[in-house]
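According to Swiss-Prot, the features are:
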type     : residues                  : note
ACT_SITE : C67                       : active site
ACT_SITE : E116                      : active site
BINDING  : H25, H32, H69, E114, E116 : Mn(2+) binding site
BINDING  : E87                       : Mg(2+) binding site
DOMAIN   : 30-164                    : domain 'Nudix hydrolase'
Amino acid sequence: MQTEHVILLNAQGVPTGTLEKYAAHTADTLLHLAFSSWLFNAKGQLLVTRRALSKKAWPGVWTNSVCGHPQMGESNEDAVIRRCRFELGVEITAPEPVYPDFRYRATDPNGIVENEVCPVFAARTTSALQINDDEVMDYQWCDLADVLRGIDATPWAFSPWMVMQAANSEARKLLSAFAQHN
């Protein structure tokens, strides 16, 4: 895969340029565009993944299915599809927005900052997983209700963006409806 970049944004969310992805994530990360996705199988189970230990930010942490950064000229939906193929080797249905205006800033224990405008999508897998070990070290298919209870009881066990997304009542409602629509 070619070197990825992030699309830098001003405070109003307007693109101002690009920066190489690895260089972008530091203790002083600039605001940039990202996406987050929650993938469900035909049984309505959520794919929860554990980030590879080689990841720069939040290595080894459990999180929602796939996250990433759209490239210049690429739609968020196309970026979700691209990263699902790269990280999980999986095909998905068209991603549907569940929390389009999600924005967050969080600092991991090593001081790496995420500072993102990060629309959240849900999609259904349509093929078997073929995990990329450089991205994902473990995964589990879970009932969404169990995952949400786990997040509520032990938020420290999950990525901060997953916890913040799950805390939004409208996103939670849309994810629950998505999981129930088999």
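Backbone N, Cα and C atoms are what each Cβ position is placed from, and that goes for glycine too.
Between the CA atoms of H32 (Mn(2+) binding site) and C67 (active site) there is a gap of 13 Å. In this structure, the C-alpha atom of E116 (active site) lies 20 angstrom from that of E87 (Mg(2+) binding site).
Taken together, the residues in the domain 'Nudix hydrolase' (30-164) have a mean pLDDT of 97 on the 0 to 100 scale.
The Cβ centroid of H25, H32, H69, E114, E116 marks the Mn(2+) site; residues of that chain outside this set whose Cβ lies within 8 Å of it are V6, K21, A24, T29, L33, A34, N115, C118, given in sequence order.
Per-site Cβ counts within 10 Å over the binding-site residues H25, H32, H69 peak at H32. Remark: C67 (active site) has A34, F35, S36, S37, R83, C118, W161 as non-local neighbours, by Cβ distance under 8 Å and separation of at least 6 in sequence. With helix defined as DSSP H, G or I and strand as E or B, the domain 'Nudix hydrolase' (30-164) counts 31 helix, 48 strand, 56 coil.
In this structure the C-alpha atoms belonging to H69 (Mn(2+) binding site) and E87 (Mg(2+) binding site) are separated by 13 Å.
A straight line from the CA of E114 (Mn(2+) binding site) to the CA of E87 (Mg(2+) binding site) spans 19 Å. Every protein chain shown contributes to the tally, and the Cβ of E114 (Mn(2+) binding site) ends up with 21 other Cβ atoms within 10 Å. Rounded to the nearest whole angstrom, the C-alpha distance between H25 (Mn(2+) binding site) and E87 (Mg(2+) binding site) is 19.
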